[in-house]
Number of protein chains: 2
Amino acid sequence: MIKAATIKEVKDNVREWKKQGLTIGLVPTMGYLHEGHASLIKRARGECDKVIVSDFVNPIQFGPKEDLATYPRDFDADCELCEGLGTDLIFHPEPSEMYLEGFHSYVGVDTLSTELCGKSRPIHFNGVCTVVSKLFNITEADKAYFGQKDAQQLAIVKRMVRDLNFNIEIVGCPIIREESGLAKSSRNTYLSEEEREKALVLHKALTVGEEMVRSGEKDANVVKKAVTDIIESEPLARVDYVEIVDWNELQKVDKIDGPILTAVAVYFGDKVRLIDNFIVEEAVK
Amino acid sequence: MIKAATIKEVKDNVREWKKQGLTIGLVPTMGYLHEGHASLIKRARGECDKVIVSDFVNPIQFGPKEDLATYPRDFDADCELCEGLGTDLIFHPEPSEMYLEGFHSYVGVDTLSTELCGKSRPIHFNGVCTVVSKLFNITEADKAYFGQKDAQQLAIVKRMVRDLNFNIEIVGCPIIREESGLAKSSRNTYLSEEEREKALVLHKALTVGEEMVRSGEKDANVVKKAVTDIIESEPLARVDYVEIVDWNELQKVDKIDGPILTAVAVYFGDKVRLIDNFIVEEAVK
C-alpha cells in the first residue's frame, strides 16, 4: 500500500493507473476508521481496480467552537485497517498541503445545505464540498463512496456532482451499526460507558418513527413528535434537531407523500453531538 | 467541425479523444466572436490535438440589471469563424442544458473577487467560476485559454484551478486591439460611431499610466490620478473605477513595489461599460 502525503504523489500514481486503463475508487474519510469506513472500502475494492482512501481531518468543515483539535486521530491503526482491506493508496496530507497560502476558493450547494446540520453548522457543508471537489480532482476517481450515516452530506455531494458535471459516480452505502443499534461514528469514542448506553435511544426512536412512516402515517409532525418524545425521555440527551425533509431538496415537509429523510442530531453532555437517520425512498400508499 | 448542443455529446467525443491519447484545448467564450477570441483559438490550435470552443452566454454571471437579454449573439458567424480556424467542436448549449432544475451549486474565489469589477458586479465572478468549473469537467481539457482583457477573471480562474487542483493549465493571452487601440470586445457593438471614437481615451490613458510605472513612478495614487484625469477629460465617459492592485491577491496598493494590475471600467452612455487594463509583471527598480 502506498502512503502518500503530497498531492503530487497521488497524481503521479493516478496518471500511471489511468494510462493502464484502470478504474479508481475513492473513499474520502477523516480517519479514525471504523467498520462504517471498512464497509465503504470493501465496496470500493469489489467494484474498482484501484482503491484510494483519503485520511484527512479537514479543518475548513469545522466551526470555530467545534472539535477540530480533539477530533480523534490514529494514522497507524488506519493504515493497518486499509492495508488489510486491500487499499492501494492512502492519502494523508497535512492541512498546509491541501490549503496553500492564498487559498481563497470554495464550492457549495445552496438550499440542500440550509436545513438539518446546516442550521447549527453553517460553514460545514461548504468545507465538505470544497475538500471533496479537491479530492475528486486529485484522484480522478471513477466512483466515490459515502455513507448514508451523513445523509445530508450524501445528498449534497450527489447534487454537486450532477450540477458541476464531475466525471464521477457517487455511491451511497448503508449505515453500519454496532450490535446494540448505535450507528458507528468516530465521535462515539467521546462517549462515556453510560452515555454510550443512553445513546441507544436515537436508534430506538428512529426505529419507531420509521415503522410509523412505513405503516402509512402521513403527518410528518406526528412522526416528529413521537421520535422527539422518545429521545427526550432520556435525561442525558439534548435534542439539536429532529426533522423530516423531502429526500430531494431537503426541505421540511408537513405531509409525507414522497421520498423522505428523517434525521436527528442529539447532544450527550457538552461536547458529543451524534447524528442518525432513516430514509424512506418509496411513498407509502 | 462538430456542433454539440448537449453535454453528453461533448463528453462522448472527449472520451473517444482521451482513449486515443489526444490533448484537448478549451476556449470558453460567450460567443459573438472577434479577433480577440480568434487569437485564443489559434493559440489552442497550435498547442493541442483537439480544440473545443464553448459558445454560451452564461446567465448566472449577469446581474439583474445587466445586459443578459441584449448581449449580442450570432451563432452562424461564430461557427464560420471557428471552422475557419480549425476548431474540432463548438459547444453551444441552451441554459436549461447547463442549469438543470434544482441547480444549487456554486464555485467562487474570495478576496480576488472583492475589488475592481467585483464591486459593481457582486455575483459576476461566482457565475464565471461556476460555469468554468462545469466546462472544465465537461471537456476534461488539458489547457484552457483566457484573454488578459478580463484580467481579474484570468487571475481568479488561475487561483481556482490551483486551489481546487483542477487538472488543467490556464493560458493567459494578450489583449487584442483594433488599429485605433480600442480593446476588442463583443460589447463594442453597443457603441455608436461617436462613442467608439471617444472610447479610445481608455487606451490613451492606460498608455500614459503604463509609461509612468515603467519609468519608475512608485506612487499608485499619482498614476491613478493621471489615468483618471485623462479619462474624465472626455465628457461622454463616466468612470466606474480606476484601480491599481497587486497582481497576486488583487488588493489595492498605495506603493508600486511588485507586479501590479492597473484596471479601468468606464461607462459610455447608460448601457455600455468597457474595461481595459495593463499589467506590469516586474517591479521597476
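Keep in mind that glycine also has a Cβ here, set from the backbone N, Cα and C atoms.
The active site, proton donor annotation in TrEMBL covers B:His37. Look at TrEMBL and you will find B:30-37, B:147-150, B:Ile176, B:184-187 tagged as ATP binding site. Summarising the annotation, TrEMBL assigns beta-alanine binding site to B:Gln61. As annotated by TrEMBL, (R)-pantoate binding site applies to B:Gln61, B:Gln153.
Features per TrEMBL, on structure.
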| residue | record | contacts (Cβ under 8 Å, 6+ apart) |
| --- | --- | --- |
| B:Met30 | ATP binding site | B:Asp55, B:Phe56, B:Val57, B:Asn58, B:Tyr71, B:Ser186 |
| B:Leu33 | ATP binding site | B:Val53, B:Asp55, B:Ala77, B:Asp78, B:Leu81, B:Cys82, B:Ser186 |
| B:Gly36 | ATP binding site | B:Gly147, B:Lys149, B:Ile175, B:Ile176, B:Ala183, B:Lys184, B:Ser185 |
| B:His37 | active site, proton donor | B:Val27, B:Thr29, B:Val53, B:Leu81, B:Gly147 |
| B:Gln61 | beta-alanine binding site | B:Ile123, B:His124, B:Phe125, B:Asn126, B:Gly127, B:Val128, B:Val131 |
| B:Gln148 | ATP binding site | B:Leu154, B:Gly172, B:Cys173, B:Pro174, B:Ile175, B:Asn277, B:Ile279 |
| B:Gln153 | (R)-pantoate binding site | B:Phe125, B:Val128, B:Phe146 |
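Packing around B:Ser186 (ATP binding site) is summarised by its Cβ count: 19 other Cβ atoms lie within 10 angstroms of its Cβ, all protein chains included. The Cβ of B:Ile176 (ATP binding site) has 18 other Cβ atoms within 10 Å, all protein chains considered.
Under DSSP, B:Leu33 (ATP binding site) is assigned to coil, being neither helix nor strand in the three-state scheme.
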